[in-house]
Structures are given as structure tokens and as C-alpha cells.
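Quick look at what Swiss-Prot lists:
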type     : residues                          : note
ACT_SITE : 83                                : active site, proton donor/acceptor
ACT_SITE : 117                               : active site, acyl-thioester intermediate
ACT_SITE : 247                               : active site, proton donor/acceptor
BINDING  : 117, 159, 209, 247, 256, 326, 359 : (3S)-3-hydroxy-3-methylglutaryl-CoA binding site
């Protein structure tokens, strides 16, 4: 049986094109701070016509393979999590198989998992479970979380974003799953869904979605605490997690969610709540569950109490989600990548609790233990390979007008056929070695190219 199964290596790709939220506020005629303070977002990455979830996946996977010297023949399972529908039948995984076919490896299990922002977690758990099972053949698992989050013009548009993350799964990992510490909450709700197959845009009930997120958080945390207490014979509170990483549609929800965990600890009379905090929480002790979700006063008090804990346990996870935006399935893992980027020298022996949410709704809370392994599969090497700071600095800022123009073109192109992408002015923004969409033919078949290391445009997949 494989031991210490978890994440061996990670890499992230996000588009080099972005728009500043402050500029978007002014362009949209929104009140100053609506996006930057109200949502807690700084910047938003987006795909131009040259990029999509498939090209981003190619970039994340090939970069991970090159930097860790992984032979595609070493992969036995490939799982993709995404809610960005390119095709209602053909999976994103099958496009990626081109990287494996040329090496003669077609014996690769797994397909795509889809449920809003949760598919990446389903894909990850599938790979981890496979390595831990009797079915494991000794090869690595590979997980891709890839999404382009776009919204119609209006209040939801600033909560967009785009990215792909690749994770290599195997035994003796620096990031180990505490498999017994996992709790889920599944329910039927219409908080965010995409019933119009002719459009990329969702139908969203923002207020309901926030409540559903918090309900799922409460439920998962309660079950995780119960499981921990059965296994360890002692209580679990936020003090038992060194860091807590949240699915991040926008940063303000992350702040509210962490504060909610402290309120849960108060209701459970956990040791994380001191006397001063108890006094502040007491007026809200008799609220019904529904009342607690609607109480603005409780929300405010909770966040005040949570602030020092938040700064220590959550703030280091927020860089990429604030700078890139909502990456749907990749959001949780981009937040985790932010933690590795910020704290890679201090993570050995630490416990990280992860909370994944997908509308509809699906949610899982799970626990990771981080070890001080030797390179190439080490925490510090993951930070070095991802080069988050370098990638953020290399981006090109678009004016809001150009962003809106790009969104209109992408809206027009969604589900379209028989077109060749315009390279002029955009291809220069892509780094050498980057995969991009070349054309979609009259049969809707998608063809990708790869920018040469010398900047030339080469044929690809």
C-alpha cells in the first residue's frame, strides 16, 4: 500500500492579460471601492481569443512535465476538473491525451469531473483514492483544474478570472492527505447554474449562493470536528489548523467564511474563543441558523473578532485569488499555491485545512499535512517552480474598454465554428513555449499551436 499519498508537485498558468479592478470600477460607473473593498479584489485575469481552458491546461501540464522532468509514460491517471463547457461530449482530458499519445501512452485512466467550482476537488480526490487503492499500478496521478470565469455585463462581471493548475499525485509526498479528516455536504439548490447551453454566462442568485456557501461550510466544519474528535479523543477548533484555505469567488466571502468558523467554535464552546470574544458573541447565541446567515451585526462582530486569526491563518493564501480573480475549479488550489509562495520556508509540520465549494451544491473540507521533503518534490521547489511573483509581474494590463471589447468577441465566438484567431498584437503577449488556440474549423474541431522559444509561431496540437 502506498503511504503518505498527496501532492508531489504543482504548477500554475494564468493568462498574461488582465484588468485592474479600480479601473473597472471607474469604467462601470461603480462607487469607488465597490470592487476593491466591497469584493476585496485587486485585479482580474481573462482569456483573449488566443486562449481557452484547453490551451491553459496544455501550458500547466507541459510546464510541470518540463520542470520536474516527468515522462508522460509515468502517468497512469489523468483527471480534469472544469465547469467551462467546450464540448458537451468530448472531455478536456481527451485533448490533453495528445501529449501522451506521442509517447505511446494511451493507458491513462480518468476523465473530466463537472459541478460548478467543485470539479477540481472531485478530480483530486479521485486521483488520491486511486493511488491509495488496490487498483494503483505504481504510476503517478495527474490533476488539472482549469476554468475561465466570465459573466454578462453587470455586478457579477468583476468576479471573473481564469487559470489552470496542474498537480502531480503520488506516495511519499511533501503535501499529504489526512484521509480520515474529510467531510462533505451535498444538497440541491439553484444558487448558480448554467442552463442556457448557447451561452457561457451563468444564472446567479448572489445572495442565495453566499448563504449556500456558508451553510455548506458550517456542515463540513461540524462533521470534520466530529471526525477529528472521534479519532483523536479531543476537540478540534481553528487552533488545530495552522492555515485555512477557502474556495475564493471573491476575497470578501473568504473573510466572512473564516469569521463564520469562529462563530461555530463559539457555539461549540471551543477553546479557541477567549472570554473577551465570548462576551461579544453572546448576544447572538440564540439566533436560529437562518437568522445567523442574515444578521449583518453578527457578520460584523465575527469579522472583528476574527481579524488577528485571519491575518495569521488566511491572509497568506489570498494573493493569487485577489490578483487573478475567481478561477472556479482552480480557485481553491490557487489560494493554496499562494500559501506555498508566501510561506514555503515555514510550512514543514504544518496542518492546512482546505474548504472546497461548488454551487448546486457540493462541498468538501479536508486536511493536509506538509512535510520537509528533499527536491525535486519539496515545498520550496514547488514555490520555485511556480514562480508566482514572476508570472504576476509579467502580465499586461488592458484598459477596461479593451477588456469589454474582448468579452464581446468571446461572447460572439462561444460555440462558433469556422474561424481563425487573430494573432496580431496578442501573440506577442504570450511567453515563448505557450500553447494557444489557432483555429476552429467547419466541423467545430479545435487546433492549437505553440509559440516557439524564439518567438516564432509554430504548429502544435
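First residue shown is number 1, and so on along the chain.
Positions of Cβ are set from backbone N, Cα and C atoms, glycine also.
This view paints the features noted in Swiss-Prot onto the structure.
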| residue | record | DSSP (3 states) |
| --- | --- | --- |
| 83 | active site, proton donor/acceptor | coil |
| 117 | active site, acyl-thioester intermediate | strand |
| 159 | (3S)-3-hydroxy-3-methylglutaryl-CoA binding site | helix |
| 209 | (3S)-3-hydroxy-3-methylglutaryl-CoA binding site | helix |
| 247 | active site, proton donor/acceptor | coil |
| 256 | (3S)-3-hydroxy-3-methylglutaryl-CoA binding site | helix |
| 326 | (3S)-3-hydroxy-3-methylglutaryl-CoA binding site | coil |
| 359 | (3S)-3-hydroxy-3-methylglutaryl-CoA binding site | coil |
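When other Cβ atoms within 10 Å of the Cβ of residue 256 ((3S)-3-hydroxy-3-methylglutaryl-CoA binding site) are tallied across all protein chains shown, the result is 19.
Residues within less than 8 Å, Cβ to Cβ, of residue 359 ((3S)-3-hydroxy-3-methylglutaryl-CoA binding site) and separated from it by at least 6 positions along the same chain comprise 116, 117, 189, 191, 192, 193, 209, 212. Using a 10 Å Cβ-Cβ cutoff, residue 83 (active site, proton donor/acceptor) registers 26 neighbours. Packing around residue 247 (active site, proton donor/acceptor) is summarised by its Cβ count: 31 other Cβ atoms lie within 10 angstroms of its Cβ, all protein chains included.
Cβ neighbour count for residue 209 ((3S)-3-hydroxy-3-methylglutaryl-CoA binding site): 22 (other Cβ atoms within 10 Å of its Cβ, all protein chains included).
Most Cβ neighbours within 10 Å among the binding-site residues 159, 326: this distinction goes to 326. Summarising the environment of residue 117 (active site, acyl-thioester intermediate), the number of other Cβ atoms within 10 Å of its Cβ, over all protein chains shown, is 32. Rounded to a whole value, the Cα-Cα separation of residue 326 ((3S)-3-hydroxy-3-methylglutaryl-CoA binding site) and residue 247 (active site, proton donor/acceptor) is 9 Å.
Each residue contributes its Cα atom, and for residue 247 (active site, proton donor/acceptor) and residue 159 ((3S)-3-hydroxy-3-methylglutaryl-CoA binding site) these two points are 13 Å apart. Largest CA to CA distance in the (3S)-3-hydroxy-3-methylglutaryl-CoA binding set (117, 159, 209, 247, 256, 326, 359): 19 Å, whole number.
The two recorded residues, residue 256 ((3S)-3-hydroxy-3-methylglutaryl-CoA binding site) and residue 83 (active site, proton donor/acceptor), show a Cα separation of 25 Å.
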